[in-house]
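Here is what Swiss-Prot says about this protein:
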type	residues	note
ACT_SITE	HIS53	active site
ACT_SITE	HIS99	active site, proton acceptor
BINDING	TYR56, LYS95, ASP499, GLY536	ATP binding site
BINDING	GLU97, ASN537	Mg(2+) 1 binding site
BINDING	SER98, HIS99, ASN100, HIS101, ARG120, GLN244, GLU318, SER319, GLN320, SER539	substrate binding site
BINDING	ASP121, ASP274	Mg(2+) 2 binding site
Amino acid sequence: MVHVEMSPEAIATQKPYLDLGLTEAEYDRFAELIGHQPNDTEIGLASGMWSEHCAYKYSKPVLRQFWTKNERVLMGPGEGAGVIDIGEGKAVVFKAESHNHPSAVEPYEGAATGVGGIIRDIFSIGAKPVAMLDSLAFGDIEQPHTQHLVDRIVAGIGGYGNAIGIPTVGGETNFDGSYTRNPLVNAMCVGIMDKDQIQKGKAAGVGNALIYVGAKTGRDGINGASFASGDFSDEEAADRSAVQVGDPFMEKLLMDACLEITGHHQEALVGIQDMGAAGLVSSSVEMAGKANSGMVLDLDLIPQRETEMTPFEIMLSESQERMLLCVRAGFEQEVLAVFADYDLDAAIVGHVIAGHQYQLYHHGKLVCDVPVSSLTDDAPIYHQQGKMPKRLAQPAADFDPIITDPVQIWTDMMAMPTIADKSSLYKRYDAQVQTNTVVLPGSDAAVTRIRGTHRALAMTTDSKGRYLYLDPQVGAAMSVAEAARNLVASGAEPLGITDCLNFGDPTKPEAFYELAEAAKGIIAATKAFNAPVISGNVSLYNETNGEAIYPTPMIGMVGLIEDLSTITTAAFKQADDLIYLVGETHGDFNGSELQKLQTGEVTGKLFDFDLEAEKQHQHFVLKAIREHLITAAHDLSDGGLLVALAEMGFDAQLGAQINVTLPTAWGFSETQGRFLLTVAPENQAAFEALHGPAQLIGRVQAAPEFEVTTVNQHFSASLQQLQTAFEEALPCHMNQKA
């Protein structure tokens with residue numbers, strides 16, 4: 001679709017900006033800020049930069065409350081990614097981004113370019129990307145539309161990540177009806193760097209050059225930021241022109257070239273930023289804004305792959321694999337020579353200027369002349385008032401399960417789409433390229449070694465949309481806690497989080513209430529685990545025809561393993577190891593997998609959550625792991641105790657005998673703050689001497705059977721029966737063989 005330019009007078013009367021996401025009041029405000037009627041280019045820039053995706057105009061009052069700093073944080077929110085000191089002169093860099101809207105309409109390219117964008121965020125800081133993770137949410141797996149989305153989105157993630165040579169090491173995939181028309185595609189990237197080489201996205205120093213490098217600019221993804229800041233109707237779902245097209249081989253060249261610049265030509269570099277949402281306007285104006293500088297760009301110098309592109313199209317294109325650098329005067333040819341070595345298109349397209357204006361020239365004509373701040377700091381901020389949704393004010397009665405055939409229920413639970421084995425999906429990703437991956441997908445957290453040290457990083461992504469649907473604040477805290485449990489069970493101490501805040505339309509009081517309450521839960525939990533929010537993004541307007549997704553903050557968390565010898569996995573290691581349950585169990589079923597299985601619904605008041613107890617349990621487990629007392633550790637989450645027990649047995653084909661003073665149904669309770677641990681018999685005394693909140697409930701056995709005694713029943717389940725249900729569920733739904 002070619003953009004047709006309009007005069008300032010026509011824009012004022014015909015109001016095309018309404019279709020770009022600006023309101024009449026925002027148009028008037030922008031005109032006042034720039035001192036004249038906006039022309040076609042200027043109104044386009046405002047539509048991108050004032051979108052929720054770029055300006056956070058509804059979410060910023062919430063985001064400002066996040067806890068973002070502790071003694072380890074070297075750089076927090078506001079740059080391409082956050083940076084945390086991990087000692088020995090090294091830092092870990094990580095961030096997550098959503099690509100929900102593009103993936104809904106063009107699943108392969110939407111997912112692939114989401115991966116590409118988050119990788120650029122990491123290497124723009126100067127870090128080498130070492131791992132990718134994802135967090136995916138889909139609708140009912142039995143629907144052909146969902147199966148199509150799953151297939152193409154997974155293919156897009158794998159196609160891009162595998163080609164660029166960065167391992168996809170972990171993630172999660174959830175299924176719930178609320179995501180049927182609005183799938184969630186959240187991608188996370190982790191990098192490692194020398195902590196004294198951090199780069200920032202700034203353009204400072206009058207006369208310094210702006211160098212564009214990477215793919216040529218085309219008409220793909222134009223106004224994608226505004227597209228990502230609106231909700232869907234069925235008619236709009238065909239808007240594929242707002243979706244970008246990715247080239248991972250170009251990205252690999254771009255990554256290697258930029259890392260050579262940041263690593264070996266630091267004296268030449270002032271700042272570097274990727275062209276993501278809102279394309280060239282976002283990267284350039286944000287770099288000027290951070291340095292309090294002015295900027296001039298000549299759009300005729302922008303490498304273009306299509307003819308007769310308008311300034312609006314050039315500036316708002318979201319063509320992928322592009323970066324913008326600010327280079328010191330006199331070093332331009334040195335930098336251009338590096339890019340030439342990688343056969344990359346690169347050009348000097350502008351300069352830093354005195355003052356604070358942002359000026360664009362096209363065919364020798366000044367087509368934009370606005371204050372930098374009009375597109376950055378002066379974007380509107382809205383202070384919304386939330387309203388508690390009726391389902392929270394008047395919750396339904398508690399779900400009280402009845403279990404007459406525990407083995408059948410157990411088998412059915414293992415086949416629930418959110419619980420079931422995802423290896424048929426993640427085996428399409430290369431998890432071992434770079435040869436640093438120590439713990440592969442399928443355990444509680446992925447683990448990748450830090451080359452040249454005896455240490456490793458653990459990483460995970462977690463979200464709990466059902467829990468937040470029943471209580472946004474408590475559910476969000478539970479999401480952070482589960483991420484931390486996953487890391488601790490792997491032997492890691494949590495360092496910090498990145499988030500993707502996936503919510504509905506913030507102009508609706510009920511949706512804004514969910515966002516604001518979720519933030520409170522995230523704040524409380526991140527403080528409890530000393531894991532500040534160092535980066536992230538918001539993805540609002542996840543609605544179709546007025547129906548919103550569950551409020552779903554995705555928590556990406558990274559932790560540090562001080563010694564490779566303490567890396568712990570969830571799989572049973574040997575027969576006769578003792579099995580301990582950490583934490584108390586209650587009848588917590590509202591929002592659980594068991595409720596979904598037996599009723600098909602998610603209702604009631606979310607069960608209680610003791611954040612302080614969770615923190616104590618995690619400290620205890622990490623201490624026991626670091627003292628080499630634990631042979632296997634698994635956090636309890638979806639499906640509860642019995643699901644976790646079965647998962648621990650599958651890898652080594654080992655069964656278990658357990659005896660618990662709980663009703664049978666409570667074996668599927670989802671009480672938080674719990675772990676299953678195994679301890680070798682010779683370490684029993686040392687483990688119990690720690691006096692932790694752990695109860696001996698049984699032992700691992702060589703026989704592939706799970707023998708369970710509860711207060712009201714004794715039953716035995718075949719490992720093979722449970723594993724078959726677990727492994728065949730998704731391939732069966734996807735009409736493929738396991």
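The chain as shown is numbered from 1 upward.
Any Cβ shown, glycine's included, is placed from N, Cα and C.
Known features from Swiss-Prot, placed on the structure.
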| residue | record | contacts (Cβ under 8 Å, 6+ apart) |
| --- | --- | --- |
| LYS95 | ATP binding site | GLY80, ALA81, GLY82, ILE118, ASP121, ILE122, MET188, CYS189, THR498, SER535, GLY536 |
| GLU97 | Mg(2+) 1 binding site | GLY114, GLY117, ILE118, ASP121, ASN186, ALA187, MET188, GLY276, CYS500, ASN537 |
| HIS99 | active site, proton acceptor | GLY110, ALA111, THR113, GLY114, GLY117, VAL185, ASN186, ALA187 |
| ARG120 | substrate binding site | GLY80, GLU251, LEU254, MET255, ASP274, GLY276, GLU321, MET323 |
| ASP499 | ATP binding site | ALA96, ILE522, VAL533, GLY536, ASN537, PRO553, MET554, ILE555, GLY556 |
Pairwise CA distance, ASN100 (substrate binding site) versus HIS53 (active site), rounded so that it is a whole Å = 12
Would you kindly give the Cα-Cα distance separating SER98 (substrate binding site) and the residue listed as 'active site', rounded to the nearest Å?
-> 10
Rounded to a whole number, what is the top Cα to Cα distance in Å among the residues the record ties to ATP, namely TYR56, LYS95, ASP499, GLY536?
-> 17
Near ASN537 (Mg(2+) 1 binding site), how many other Cβ atoms are within 10 Å of its Cβ?
-> 26
For the recorded ATP site formed by TYR56, LYS95, ASP499, GLY536, name the remaining residues of the chain with Cβ within 8 Å of the site's Cβ center, in chain order.
-> LEU63, PRO77, ALA96, GLU97, THR498, CYS500, LEU501, VAL533, SER535, ASN537, VAL538
TYR56, ASP121, GLU318, GLN320, GLY536: which of these binding-site residues has the sparsest Cβ neighbourhood within 10 Å?
-> TYR56
Please determine which of the binding-site residues listed here (SER98, ASN100) has the lowest count of neighbouring CB atoms within 10 Å.
-> ASN100
Collapsed DSSP category at ASP121 (Mg(2+) 2 binding site) | helix
Alpha-carbon spacing, TYR56 (ATP binding site) to GLN320 (substrate binding site), which is rounded to whole Å = 22
10 Å Cβ neighbour count around ASP274 (Mg(2+) 2 binding site)?
-> 25
